[in-house]
Every structure is written in structure tokens, then in C-alpha cells.
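Features reported for this protein in Swiss-Prot:
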type    : residues            : note
BINDING : His40, Asp67, Glu71 : Fe cation 1 binding site
BINDING : Glu71               : Fe cation 2 binding site
Amino acid sequence: MKKILEVTGLKEQQVAPVVKGLSGLLADLQVYYSNLRGFHWNIRGAEFFVLHEQYEKMYDDLAGKIDEVAERILQLGGKPENRFSEYLKVAEVKEEHELVCAASTLKNVTDTLQIIMAKERAIAEVAGEAGDEVTVDLMIGFLSGQEKLVWMLSAYATK
């Protein structure tokens, strides 16, 4: 059986930077996922009902994106990391523990999305240069939903 890169026509040396970018993104997404779970469990205050439900929707959606990123790494000949201890070494997104009010969790989410979206744009650019349209499409799809989410969260947070 041929390796996937032989079948797709992509070159290992060209997609290596894509795999590296996706691996970093995977680490950030995993930390973000963990933070969202904590926000969901620990949110307090008048916005509890709205944000408790919203954060659950967000981490459910994110679980699918994490799987897509890990599978794309495999499709490009890489091996996705699965150890949280390794994610923490390379992730730009940091673990959160004590955020429980609406304002602080919303700020963290929008700050995190800013980091993640910048990485996705960079990955899309590198993937485009490598002729990897599938990864470009994956990143554009993620960005589309995230930009809408940032707009909605910003509108919600505006007093």
C-alpha cells in the first residue's frame, strides 16, 4: 500500500512546516478545550445559565475540531501528540484555573481565539505554499466559525 503523500502528490519536505503548525495548533486547542470545560463547570453569577450552556456548545464543537486537526496531521505523515504534559510545553494558550465570572471568562475566550486564529491563518498560508489545499480549506472553515463566535461573544459582553 502506498503512503498517503505518494497518492496525494504532496511532498514531505513541503508539508513538514504544515505538520509543525498543526501540531502547535493541536496543543493550543487541547488547552483551550480544558479551559472551556473549567469555565462551563465553574461559571458563577447572573450570566450562569447562558454561559454554562454556551461553553458546553463551544467545547463540544472544539472536540470535533481537535479530532480533525489530529487526523490531518496523520494524513500528512505526522504523528499527533496525545500527552497533555507535552501540550503544555508548546502551547501558547495557557491553562486557567480560577476564572469564574462572566467578564474574565469571556475575555479569556476572545484572547484565546485571537491566538488560535492567528495560528490558523499562518498554517493556511504555509499550506497554500505547499499546495495543500485540504489544510487550507480546513483552516478557513475553522476561521469562519470562530470569527462569527468572536462577534457574537463581543456583542453579548457589551453592556
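Note: Cβ is positioned from N, Cα and C throughout, glycine not excepted.
Overlay of Swiss-Prot feature records on the structure.
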residue	record	contacts (Cβ under 8 Å, 6+ apart)
His40	Fe cation 1 binding site	His52, Tyr55, Glu56, Tyr59
Asp67	Fe cation 1 binding site	none
Glu71	Fe cation 1 binding site	none
